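Worksheet: the structure to be examined is printed underneath.
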Amino acid sequence: MNADLSLYLVTDAALCGDRGVVATVREAVAGGVAIVQLRDKDASDAQTVDLLVELSHAIAGRALLVVNDRLQAAVDARSRGARVDGVHLGQSDASVRAAREALGPDALIGLTANTPAHLDAVRALPPGTVDYVGIGVIRPTSTKPDHPPALGVAGFRTLAALSPVPAVAIGGIGIDDVTALREAGAAGVAVVSALCAVEDPHAAARAFRRAWRGQRPPRVLSIAGSDPSGGAGIQADLKAIAANGGYGMAAITALTAQNTRGVRGVHVPPADFLRAQLDAVADDIEIDAVKIGMLADAEVIRTVGDWLAARRPDTVVLDPVMVSTSGDRLLDSDAEAALLDLASHADLLTPNLDELAVLSGCRVGDWPEALAAAQQVAARTGALVLAKGGHLAGDQTPDALVGADGVIVEHRGARIDTTSTHGTGCSLSSALATLSARGKDWPEAVAGAREWLRESLRAAGTLDVGRGNGPVSHLAGLWQRGALETRPSPDDVRDAWWVSIAEVRADIDALPFIRALADGTLGRDRFLGYLAQDALYLREYARVLAEAARLAPSTQEQAFWAQSAQGAIAGELELHASWLTPDTGTSATTFSAEPSAVNTAYLDHLRAAAFSGDHAVLIAAALPCFWLYTDLGVRLHAGSSGSMR
Ligand SMILES: Cc1ncc(COP(=O)(O)OP(=O)(O)O)c(N)n1
Ligand SMILES: Cc1ncsc1CCOP(=O)(O)O
Ligand SMILES: [Mg+2]
């Protein structure tokens with residue numbers, strides 16, 4: 001059997017604690033475990049068979065299930081209707097030939113092999129007798145007290161190179177070992193403690209899965225309709241996936257004849273052909289994430305649900321295409337019911353307000369009602385819901401990530417003035433699936449996808465596609481950052497901008513205050529008055545920088561802006577401590593508690609930029625202060641007053 005051995009959970013009842021084996025397995029499989037081995041030396045054969053049956057139902061085909069040592073238990077559980085895929089045997093357990101005989105050619109038979117002689121013996125067996133070997137221990141582990149001597153990664157590498165079948169590493173493995181073991185030739189890592197003895201097996205499994213994937217672009221499969229105009233459907237999905245760093249694939253659920261002015265016709269191929277597309281991809285390519293878009297009828301929806309039940313990838317985003325832009329219901333009641341069932345397979349749902357109303361059965365007339373409906377859907381389906389405010393009236397377009405307990409994160413922002421909004425829903429959900437598959441948690445993925453989509457909307461007008469509602473410019477960011485032509489480096493661009501504001505900077509140098517500061521003639525009270533204004537400015541500036549941190553699309557940028565905000569408020573406190581206190585002779589006239597007119601105007605400008613909800617606009621407004629202050633400070637400090645003309 002050609003199995004996905006990448007993340008292999010071996011159970012241990014004691015380590016699973018109060019949560020129990022079944023719940024641990026269910027959570028770990030939902031997080032991406034590909035194969036489960038039931039291992040319990042203390043259980044009776046009957047107990048083992050019972051637990052195999054229970055695990056088979058809990059896993060429901062989303063992972064492979066094998067049993068440790070007990071070949072007969074596998075046979076007995078199968079006779080009770082359980083799906084038991086195979087058995088793992090040690091050197092002193094039943095023979096692998098007997099196991100292959102008992103379980104058949106399609107079973108998964110694993111064998112422990114810790115020496116070259118063990119591997120020679122595997123090579124001597126009839127081909128196909130053993131599907132994989134378990135090689136360990138990588139390091140000592142208390143989980144199996146009678147473990148053989150530790151091999152280390154190097155020792156594993158040597159043995160794996162001798163193995164005629166895929167080799168799974170086992171014994172004392174943690175998340176930090178994954179990359180090295182994969183590079184050492186492992187077909188997968190088998191772990192007990194690192195998945196059983198943790199608070200959150202789902203999160204631990206996802207972390208292992210991401211570590212196993214490494215830095216390669218995630219493989220993201222779009223399951224959606226085709227829009228020949230390129231603005232929506234799988235065409236938009238593939239562009240959105242690529243723009244966010246993924247490798248896009250697409251299984252087509254329906255063919256449409258449409259352009260930017262509307263849909264002329266829809267053709268739905270047989271559902272079994274969709275299943276054939278899905279299986280063809282999954283049989284050959286490890287799928288990291290799936291984005292589900294237009295599903296035309298109940299049969300197509302159930303086909304996707306059955307496929308997910310059998311081959312669920314780590315991340316599933318469902319964009320429930322149920323209501324057209326003009327408000328028409330696109331699905332019959334049977335299909336709507338099937339889509340609600342499908343929603344329980346998803347990690348994230350991305351309905352627009354009309355679809356949210358259908359999914360929740362609630363009225364969604366304003367943003368608070370949208371948030372309440374999203375929470376209700378999240379509670380009912382177990383998926384997170386991204387409530388999208390794009391269809392709201394007014395100039396704000398909020399988005400909110402909502403779970404069963406309420407709003408997790410909310411983004412506000414001014415509506416971007418464009419009619420080129422065709423395919424925004426498709427594009428956003430594909431970006432979310434890709435960013436999640438790249439390892440971002442959902443709040444990070446929402447921030448990043450929203451920032452990318454706003455950039456694509458801002459640039460959409462430049463595409464000039466069609467005479468109706470045009471598409472967003474999915475690759476605008478890449479084009480602007482020089483993916484298409486040899487563009488100046490960011491430093492060159494910065495220097496060009498710096499030169500272009502030379503006049504402005506000369507005017508600043510010529511200001512009486514700057515000149516007096518430079519030649520030492522500035523009066524003390526005047527200076528203290530300035531410091532008092534600066535203190536008032538810094539207090540507000542810190543809030544603006546904190547908003548930049550909140551909107552930042554990456555954790556690195558978030559850290560930079562948060563540190564800058566902290567620095568601004570620390571500067572303000574320092575000014576008060578060192579200059580703006582009565583014992584420094586500050587006279588009442590200089591110690592203004594109100595910002596001056598200039599200070600107020602500048603702060604209003606910054607606050608407007610901050611609360612536009614647009615990260616790019618905000619940092620364009622905030623950065624001149626960084627650059628000009630640094631430039632002036634350096635030149636004044638250097639005493640290069642001569643260059644201050
Ligand atoms: C994947 C995998 N590899 C090795 C083992 C060890 O099996 P075995 O040598 O039979 O020792 P016990 O597990 O029976 O103590 C394994 N279980 N799984
Ligand atoms: C079953 C088994 N076989 C070799 S080591 C081991 C247990 C590994 O447990 P852990 O992953 O907690 O070290
Ligand atoms: Mg054994």
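Using the three backbone atoms N, Cα and C, a Cβ is placed for every residue, glycine included.
Keep in mind that TrEMBL annotations are predicted by a computer and have not been checked by a curator.
Copied over from TrEMBL, here are the features:
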BINDING   Gln37, Leu38, Arg39, Asp40, Lys41, Asn68, Thr112, Lys144  4-amino-2-methyl-5-(diphosphooxymethyl)pyrimidine binding site
BINDING   Asp69, Asp93  Mg(2+) binding site
DOMAIN    7-195  domain 'Thiamine phosphate synthase/TenI'
DOMAIN    227-472  domain 'Pyridoxamine kinase/Phosphomethylpyrimidine kinase'
DOMAIN    512-635  domain 'Thiaminase-2/PQQC'
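Ligand 3 lies under 6 Å from the Cβ of Asp93, out of the binding-site residues Gln37, Leu38, Arg39, Asp40, Asp93. Close contacts with ligand 2, defined as a Cβ under 6 Å from any of its atoms, occur at Lys144 among the binding-site residues Asp40, Lys41, Asp69, Asp93, Thr112, Lys144.
If you measure from the Cα atom of Lys41 (4-amino-2-methyl-5-(diphosphooxymethyl)pyrimidine binding site) to that of Asp93 (Mg(2+) binding site), you get 13 Å. In this entry, Gln37, Leu38, Arg39, Asp40, Lys41, Asn68, Thr112, Lys144 make up the residues listed for 4-amino-2-methyl-5-(diphosphooxymethyl)pyrimidine, with the farthest two CA atoms of the set 16 Å from each other.
Between the CA atoms of Asp93 (Mg(2+) binding site) and Gln37 (4-amino-2-methyl-5-(diphosphooxymethyl)pyrimidine binding site) there is a gap of 15 Å. Contact annotation for binding-site residues (Leu38, Lys41, Asn68, Asp69, Thr112, Lys144) versus ligand 1: Asn68, Asp69, Thr112, Lys144, each with CB under 6 Å from a ligand atom. In the three-state DSSP scheme, Thr112 (4-amino-2-methyl-5-(diphosphooxymethyl)pyrimidine binding site) falls into the strand class. Note: the domain 'Thiaminase-2/PQQC' (512-635) comprises 98 helix, 0 strand, 26 coil (DSSP; helix = H, G, I, strand = E, B).
Neighbour count (other Cβ atoms within 10 Å of the Cβ, all protein chains): 19 for Asn68 (4-amino-2-methyl-5-(diphosphooxymethyl)pyrimidine binding site). According to its DSSP assignment, Asn68 (4-amino-2-methyl-5-(diphosphooxymethyl)pyrimidine binding site) is in a strand. For the binding-site residues given as Arg39, Lys41, Lys144, the lowest number of other CB atoms within 10 Å of the residue's CB is seen at Lys41. Every protein chain considered, the tally of other Cβ atoms within 10 Å of the Cβ of Asp40 (4-amino-2-methyl-5-(diphosphooxymethyl)pyrimidine binding site) stands at 18. Figure note: comparing Cβ neighbours within 10 Å for the binding-site residues Asp69, Asp93, the maximum is reached by Asp69. Counting in whole angstrom, Asp40 (4-amino-2-methyl-5-(diphosphooxymethyl)pyrimidine binding site) lies 9 from Asp69 (Mg(2+) binding site) by their C-alpha atoms. Among the binding-site residues listed here, namely Gln37, Arg39, Thr112, Lys144, Arg39 has its C-alpha nearest to that of Asp69 (Mg(2+) binding site).
Within the same chain, residues at least six positions away from Gln37 (4-amino-2-methyl-5-(diphosphooxymethyl)pyrimidine binding site) with a Cβ under 8 Å of its Cβ are Tyr8, Leu9, Val10, Thr11, Val66, Val67, Asn68, His88, Gly110, Ala190.
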